[in-house]
Amino acid sequence: SHAKEILHCLKEKYFKELQDLEVDGQKVEMPQSLSWYPEELAWHTNLSRKILRKSPQLEKFHQFLVSETECGNISRQEAVSMIPPLLLNVNPHHKILDMCAAPGSKTAQLIEMLHADMNVPFPKGFVIANDVDNKRCYLLVHQAKRLNSPCIMVVNHDASSIPNLQIDVDGRKEVLFYDRILCDVPCSGDGTMRKNIDVWKKWTTQNSLQLHGLQLRIATRGVEQLAEGGRMVYSTCSLNPIENEAVIASLLEKSQGALELADVSSELPGLKRMPGITKWKVMLKDGQWFEEWKDVPSNRQTQIRPTMFPVKDEDKLKAMNLERCLRILPHHQNTGGFFVAVLIKKSPMPWNKRQPKVHQKLPQRTGDTEVTAANSDGSESITEEPTLAENEESKKMQELQNSDTEQSKKEGVCGPPPSKKMKLFGFKEDPFVFLPEDDPLFLPIQKFYALDPSFPKMNLLTRTQEGKKRQLYMVSKELRNVLLNNSEKMKVINTGIKVWSRNSDGEQFGCAFRLAQEGIYTLYPFIHARIINVCIEDVKILLTQENPFLSKFSSETQKKVKGMAMGSIVLKYDPDPEKPDDLQCPIVLCGWQGKTSLRAFVPKNERLHYLRMMGVEVFKAKRKEEESESKTEEEVQHRLAQTEEGMDVEDKEHNLVTQMEAEIGEESSHSPVESSTMEVENKIEDLDQSSKNANSYVSQKSKDTDTSDVKD
C-alpha cells in the first residue's frame with residue numbers, strides 16, 4: 001500500500017513538475033515506466049547523475065530520490081539488473097540464497113517479495129545474502145536494513161565453497177536446501193559499456209577467460225544447494241558467451257539430466273530479448289581464435305579450458321535448449337547489456353548420490369544421517385540419502401569436539417566461528433545471543449505492552465553476552481533455526497531488526513524498553529495495549545512538531561491518552577476509504593507519552609516520507625547565499641531540522657550521515673557501512689559527542705566508498 005501511495009505521489013506531483021522543464025537549454029525527458037515490470041513499480045529516467053545533483057530546478061526531485069532511497073521506499077538500480085529476482089518467482093514461504101549479493105539491490109527485491117502480504121509479520125521464507133568481500137557485506141547490510149525485515153541474514157563467504165547449512169526438523173538435523181537461488185556472478189561487466197567508460201579502456205578477452213572457472217564453480221555450488229523442483233537464476237552483466245552460455249552448457253552437461261533450462265519466454269511480457277547462442281569461438285589476448293579444444297596449443301591450455309567451447313554433439317546441444325537463455329542488448333530498450341538463464345533442478349546432482357568418504361572428514365552428527373563429506377576436489381558434497389549409522393568411536397570423538405558448541409547452543413549463543421576452521425577477515429562480529437525462556441527482562445515488557453500469547457519471544461536476541469542488554473532484536477523462527485545450528489561454520493555479519501531499545505526513563509513507568517520504529521510493523525500485530533488511534537491531522541502534528549502539547553490534538557486522541565500511563569506508545573493511523581483524497585495506506589508510528597505532551601520517535605527521512613504522502617511540502621533548498629535561511633524557512637522545516645532529542649544515538653548518527661551524504665552528493669546505494677550496522681551499545685547523552693562520532697564515521701565511510709567498486 002505504501003508503494004502505491006509513492007507511485008501516486010510521483011505521478012501527480014514530481015513528474016508533473018518535470019513537464020516542460022529545461023536544464024542547460026535541453027528539455028528534460030519525462031521518466032517512463034518499464035513496460036515489463038509488474039504494476040508500474042519501476043521507472044526509467046534519462047537524467048544523468050551530474051544533472052540531477054547540480055541543477056537547481058531538479059533539486060526538489062533529487063531530494064525526494066535521496067530521502068526515499070534512505071527509507072527503503074525506492075531503490076535506484078540499473079533497469080536490467082531488476083530482471084533476475086522477477087524470474088525467480090519468489091513466494092513468501094521460499095528459502096532463498098543470494099550467492100553474490102553486494103551491493104544489495106537485488107536482495108532488496110527478494111525481501112520485498114517475501115513480504116508480499118504486509119499482514120504477515122513473519123513470512124515462513126527467508127533470504128540468506130552472501131558476499132565474499134567483507135567491506136561490501138556492510139554495504140549489503142545497509143541496503144537490506146532499509147527494508148526492516150526479520151527474515152534476512154547477511155553472511156561473508158566465498159560463494160564457490162559456501163558451506164552446507166543444517167536445520168533442525170522435528171528434532172532431527174537435516175541439510176538446508178534452498179527453494180530459490182540467485183547466482184549473479186562476478187563478471188567482466190562488458191554489458192555496461194554505455195555507462196561505464198572504463199570498459200572501453202580496459203576490455204580484453206583475458207577478463208572472461210580468467211572469470212569463467214570461478215563462475216562455473218559458483219554456479220555448480222549453487223545447484224548443489226538447490227532443492228529438487230527449485231529454481232536458480234544465473235546472471236551476468238556481460239555479453240561474452242564464455243561467461244554465459246559456456247558456463248550454462250558445461251553445468252547442464254555435467255548434471256546428466258538433473259538440470260534443465262526453463263522456458264521463460266512468456267514471463268515479463270514487454271521485455272525485448274534475444275535467444276541464447278549455440279555457436280561461438282574462443283579468442284586469446286593476442287587475437288588468436290580457436291573453434292575447438294583440440295586446436296589449443298599445450299602452452300595455452302591453462303588459459304583456455306575445455307568447458308569454454310560449445311558442445312559439438314548436435315543432439316546434446318539440441319537437448320540443452322540454450323536458446324532459452326535471455327540476452328538483453330543495450331540498444332533494444334536503452335538499457336545495459338545483460339544475460340540471464342533460469343535453471344530448474346529435477347533430481348539430485350549425479351556427484352551427490354555417492355556415499356560420503358567418511359575417512360577424509362569427520363561426519364557431522366545428525367542422528368542417523370551424515371551430512372557432509374570432503375569431495376576429492378576439496379569442495380563439500382551433500383548426501384541426499386541416509387547412510388549407515390556411525391560407529392561408536394567416531395561418535396565419541398564427535399561428542400568431544402561438539403561439547404563446547406552444544407553448551408553454547410543450550411545458552412542460545414551464536415558466536416563467530418572459531419578461527420582454526422576459517423581465516424576471519426574484517427571486523428570481529430558480536431555474538432548473537434537469544435533470550436532464554438525465563439529471562440526476567442521479558443516479563444515487564446510483556447505486561448506493559450500486553451503482548452499476545454502467540455508472540456514468539458524465543459526469537460528475541462541481543463548482541464551482548466554480558467552486562468546490560470541495550471537493544472533487543474528479532475528474527476523469524478526459521479532464521480533462528482539456521483543461526484542456532486550453524487554458528488560454528490558460518491560467518492554472520494548481521495541479522496534481525498531492532499524492536500526495543502533500553503530507555504532508563506521508562507523504568508519508573510513499568511518498562512525499561514521503548515519501541516523502535518524499525519521493528520514496529522513486525523511487532524504491531526502482537527501488541528494489545530498502549531495503542532492510540534489517531535486521525536490524519538494528528539499525524540501531521542506529530543511529524544511536524546517536536547514535542548506538541550496534548551491540547552493540540554483532536555478531542556478523541558486526548559480522551560484516549562488520559563487514562564494511559566506515561567511511556568512508550570503506538571500511534572496508528574487507519575485510512576478512511578470514504579475520503580479518497582486522504583492518505584490511503586495505514587501508518588504505525590512509535591511515540592512517547594509525557595505528562596502534558598505526545599511525540600513521535602521517527603527517523604527524519606521516514607518523517608519526510610509520511611509528510612510527502614500526506615501532501616505536506618517538505619522541500620528545503622540548500623543555498624549558501626541564503627543567510628537568513630532559518631528565519632525564512634517554514635516552521636515545519638525548522639522543527640524537523642531540530643535534532644530529535646530522546647532518540648538513541650543510532651538515529652542521531654543516521655540523520656547526520658544522511659544529511660552529509662545529501663550535501664556531498666553521495667548516492668545512498670553506494671554508501672557502505674551505515675551506523676545501524678555497527679551496533680551502538682553505549683547510549684551517549686551528550687549530543688556534541690554523537691556529532692563528532694558521526695562526522696569521523698562519515699570520513700571513514702568516504703574512504704571505503706573509493707575502494708568499493710559497485711557491481712551493478
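Sequential numbering from 1, following the chain as shown.
Backbone N, Cα and C atoms are what each Cβ position is placed from, and that goes for glycine too.
Keep in mind that TrEMBL annotations are predicted by a computer and have not been checked by a curator.
What TrEMBL lists as domain 'SAM-dependent MTase RsmB/NOP-type' is 1-346.
Among the features that TrEMBL reports, S-adenosyl-L-methionine binding site is placed at Cys100, Ala101, Ala102, Pro103, Gly104, Ser105, Lys106, Asp131, Asp158, Asp184.
Residues or ranges marked as active site, nucleophile by TrEMBL: Cys237. Other C-beta atoms found within 10 angstroms of the C-beta of Cys237 (active site, nucleophile) number 24, with every protein chain shown included.
What TrEMBL lists as region 'Disordered' is 351-416 (among others).
The compositional bias 'Polar residues' annotation in TrEMBL covers 372-381 (among others).
According to TrEMBL, the feature region 'Disordered' maps to 622-712 (among others).
TrEMBL lists 670-679 (among others) with the feature compositional bias 'Polar residues'.
There are 32 other Cβ atoms within 10 Å of the Cβ belonging to Gly104 (S-adenosyl-L-methionine binding site).
Taking the Cα atom of each, Lys106 (S-adenosyl-L-methionine binding site) and Cys237 (active site, nucleophile) are about 13 angstrom apart.
For the pair formed by Cys237 (active site, nucleophile) and Gly104 (S-adenosyl-L-methionine binding site), distance between Cα atoms is given as 15 Å, rounded to the nearest Å. Mean pLDDT across the domain 'SAM-dependent MTase RsmB/NOP-type' (1-346) comes to 93 in this model.
The number of other Cβ atoms within 10 Å of the Cβ belonging to Cys100 (S-adenosyl-L-methionine binding site), over all protein chains shown, comes to 24. Largest CA to CA distance in the S-adenosyl-L-methionine binding set (Cys100, Ala101, Ala102, Pro103, Gly104, Ser105, Lys106, Asp131, Asp158, Asp184): 20 Å, whole number.
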